[in-house]
Amino acid sequence: MSRPKPIHNAQPEQVFIESLDTEGRGIARVEGKVLFVDGALPGERVWARRTQNHKSFDRAELLQVDKASSLRVSPPCPHFGVCGGCSLQHLEPAAQVAIKQRQLEDHLWRIGKVRPERVLPPIHGPSLGYRSKARLSVRTPKTRGAMVGFRERNSSYVVDMGQCLTLDPRVGQRILSLRTLIGQMQSPQDFPQIEVAATPDAVALVFRHMRPLAESDLQHLRAFGEQHDLQIWLQPRGPETLYPLWPEQPEPLHYDLPDYRLRLRFDPLVFTQVNQAANQVMVRRAMALLQPQPGEHILDLFCGLGNFTLPIARLGAQVLGIEGDARLVALAAENAAANGLADKARYAVADLTQARMEDFAPAGAIDKMLIDPPRSGAIEVLRSLTPGVRRLVYVSCNPATLARDAEYLVHERGYRLRAAGVVNMFPHTAHVESIALFER
């Protein structure tokens, strides 16, 4: 791929915005070439200036909105437009969801040549203060004090921010305090990032550090944790070196799925859904689509901690969860035992980009399946789909790979796309999470 060429001293031009791309940028067409305009909305006529030239498209900065969309709103965050954490705060929240639903359906048809028989109502959660997981960057420029937050849009610089409205407020309202804390360290440049993991009962901050810490640094960190009622964890090298600093024996982090009388424990660095309110509704939706029954044998691929495995087991089915991360599998097994479901839920470690279904599920042994793959999708394991799987629920974080996999399932394996809809897991961002039901 050729590198973009910067455009200097381009003249402003008036353009009409047709739609949004998958990163939340406005799309215009000028003399047959696509122009991406940050901050512009569909239906708007704007003045823009080109900043980058690519072979098939150009990028532009928004200068002025001549005709504003009726869906344009004032962003609640003063850092919007600079911060790369959000891209859609200027769009009315209900319209954000409608655009994501349209993008999902467009991808399914354009890439997969398939349309859902039923469009599911969107799943919502809170739009502010919802982020329970995040990675905050840390920088210490010579001209300013320590910077803590998200990176600037299209840049490696960290935003000069004092708060974050989408983060859990126990962290989002303490950005300035975190900046002060980093500034007190003997070598603040040795802290590249802070991981956030929040639950209703506790918040853990994981400080990644490049060199051994001085005793004064440890004292500052302990005092910060005690003052703000936060768990402080340290990670000197890889994830396996993670350990708690304050308190020395913290209460385990957990989240609940009350509909299924479940409590799932986890470590601060492992994957959990970022929006727990939306996750609870998504799990409920997945169970309604999958309809686990006692006596059925169900496969849960990319199972993680057991977010779907354990509800399936609670509803009476026998379920096998497969995951590539051995630490997640160990936690999932612990969660099954802690919830009294060790006889219903079993787990195994496998690289699902390489494994075949018959490696862990003989032909005819599986009645239904749920998959929750990463952005790359699940085409490798789907190609080895064994006969007998009559119902498949697909939870996706990338509509493009969902559409690709849907094309294979529908046009080559004889499934029907019974239903599909979006999950607004990341409000104010262009991220499209979705859930789909396939049957044959």
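Positions of Cβ are set from backbone N, Cα and C atoms, glycine also.
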GLN273, PHE302, ASN307, ASP351, ASP372 bind S-adenosyl-L-methionine per Swiss-Prot; candidate in GLU323, GLU334, GLU380 listed for that same site: GLU323
Residue from GLU323, ASP351, ASP372, CYS397 whose C-alpha is spatially nearest that of CYS86 ([4Fe-4S] cluster binding site), among the recorded positions: CYS397
Neighbourhood of GLN273 (S-adenosyl-L-methionine binding site) by C-beta distance under 8 A, where only residues 6 or more apart in the same chain count: LYS133, ASN279, MET282, ASN307, MET425
Residue among the recorded positions CYS77, CYS83, CYS86, CYS164, CYS397 whose Cβ has the most other Cβ atoms within 10 Å: CYS164
Between CYS397 (active site, nucleophile) and CYS83 ([4Fe-4S] cluster binding site), the C-alpha gap once rounded to whole angstrom: 22
Max pairwise CA distance, angstrom, over record-listed S-adenosyl-L-methionine binders GLN273, PHE302, ASN307, GLU323, ASP351, ASP372: 21
Number of other Cβ atoms within 10 Å of the Cβ of ASP372 (S-adenosyl-L-methionine binding site) across all protein chains: 22
Cα-Cα distance linking PHE302 (S-adenosyl-L-methionine binding site) and CYS83 ([4Fe-4S] cluster binding site), given in Å to the nearest integer: 31
